[in-house]
Amino acid sequence: MTHVAGDRDGDGRSTTVTNSVTERSSPPSDPPIRVYADGIYDLFHFGHARSLEQAKKSFPNTYLLVGCCNDDTTHKYKGKTVMNDQERYESLRHCKWVDEVIPDAPWVINQEFLDKHRIAYVAHDALPYADASGAGKDVYEFVKKVGRFKETKRTEGISTSDIIMRIVKDYNQYVMRNLDRGYSREDLGVSFVKEKRLRVNMRLKKLQEKVKEQQEKVGEKIQTVKMVRNEWVENADRWVAGFLEMFEEGCHKMGTAIRDRIQEKLMRQESKELLEKGQNGQREDTDEQSYEEYFEHDIVDSCEDDEEEYYDEIEEQSNASKAIKSN
C-alpha cells in the first residue's frame with residue numbers, strides 16, 4: 001500500500017490518496033537443479049512412480065525431466081511393448097512428480113544431450129543396464145564416469161515384466177473374461193476350437209467349485225452333529241451322576257427316618273408301660289409279654305411298610321436311570 005499526499009483542486013487542502021499495489025512473491029534465490037530420468041515406462045505402475053519421486057526429491061529444489069523412448073527405438077533394442085509411445089508419454093504427463101516429458105529420448109545418453117537440455121544429474125538405479133545398442137556395457141556408463149549420476153532404489157515385487165507374466169499365466173481366464181464382456185474371438189486372436197475348449201473348461205471349473213462348496217457345507221454339518229452329540233453325551237453323564245448322587249442321598253435319608261421312627265415308637269411304648277405299671281401294679285412277666293406282642297405286631301408291621309416303600313422307590317429310580325442310559 002502507498003500513500004500519496006497532494007493538493008487537490010488548488011485549494012491548499014492536503015489530501016491523502018491510497019493506491020493498491022499487487023505484491024508478488026519474489027523468485028527463489030537458487031535456480032532449480034535439473035535432474036533427468038529415462039525409461040520405457042510401459043504399463044506405468046507405482047514402481048515407476050516411486051523411482052520418479054526419488055529423482056524429484058534428490059534436491060530441495062528440483063526440476064525433473066523424464067525421457068521416454070519411442071516405439072522404433074524400444075522395439076529395436078528391448079522388444080514389443082503393450083502400450084504405444086504416445087500412450088506412454090501421456091501416462092508420464094499425469095504423474096505429479098514429472099515437470100517435463102522429453103519424447104523420442106535417446107537409448108544412450110551423451111554429452112550433447114546433457115548440454116541441450118541443461119541436465120545436471122541423471123537419476124536411475126545403480127544396477128548396470130545392458131546396452132543393447134553395442135555402444136558400451138552400461139547405458140549409464142558415461143554419466144557415472146563424469147560424476148553426474150544420482151542413484152535411486154528399485155521397488156521390489158513390481159515391474160512391467162511381472163505384470164505381463166501374470167497375464168500370460170492366467171491367459172485362459174482373461175480370454176474368457178473378455179469374451180463374456182462382448183469381445184469377439186477375432187478381437188482376441190482365438191480360433192473357434194480354442195474358444196469352445198475354453199468355454200467347456202470354464203464350465204467344468206465352475207462345476208468343480210460348486211462340488212467343493214457343497215462338500216465343505218456337508219463337512220460343516222457333520223462337524224455340527226458331532227459337537228451336538230458330544231455335548232449330549234457329556235450332559236447325559238452329568239445327569240446320571242446327579243441322579244445317583246440324589247439316589248444315595250435319598251436312601252440315606254430313608255434309612256435314618258426308619259430308624260428314628262422305630263426308636264420313637266419304642267420310647268412311646270416303654271413310657272406307656274411304665275405308666276401303667278406304676279398305676280395298676282401289673283406283673284413283670286405281663287410287661288414282657290406286652291412288649292413282645294407290640295414288637296411283633298406294631299414295630300414289625302411298621303418296618304415292613306417302610307421297607308416296602310423304600311424298595312418301591314429304589315425300583316422307580318433304577319428304571320429311570322436305565323431309561324436315561326438307553327437314550
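The backbone N, Cα and C atoms fix where each Cβ goes, glycine too.
Look at TrEMBL and you will find 1-32 (among others) tagged as region 'Disordered'.
Taken from TrEMBL, the feature compositional bias 'Basic and acidic residues' applies to 1-12.
The compositional bias 'Polar residues' annotation in TrEMBL covers 13-27 (among others).
If you look up TrEMBL, you'll see 36-165 marked as domain 'Cytidyltransferase-like'. Note on the domain 'Cytidyltransferase-like' (36-165): mean pLDDT across this stretch is 94.
If you look up TrEMBL, you'll see 197-224 marked as coiled coil. Within its own chain, the coiled coil (197-224) has Cβ neighbours under 8 Å at 172, 175-176, 179, 190, counting only residues six or more beyond its boundaries.
Here TrEMBL flags 274-293 (among others) as region 'Disordered'.
Annotation source TrEMBL lists region 'Disordered' at 306-327 (among others).
Positions annotated as compositional bias 'Acidic residues' by TrEMBL: 306-316.
What TrEMBL lists as compositional bias 'Polar residues' is 317-327 (among others).
DSSP places the residues of the domain 'Cytidyltransferase-like' (36-165) in helix, strand and coil in these numbers: 44 helix, 26 strand, 60 coil.
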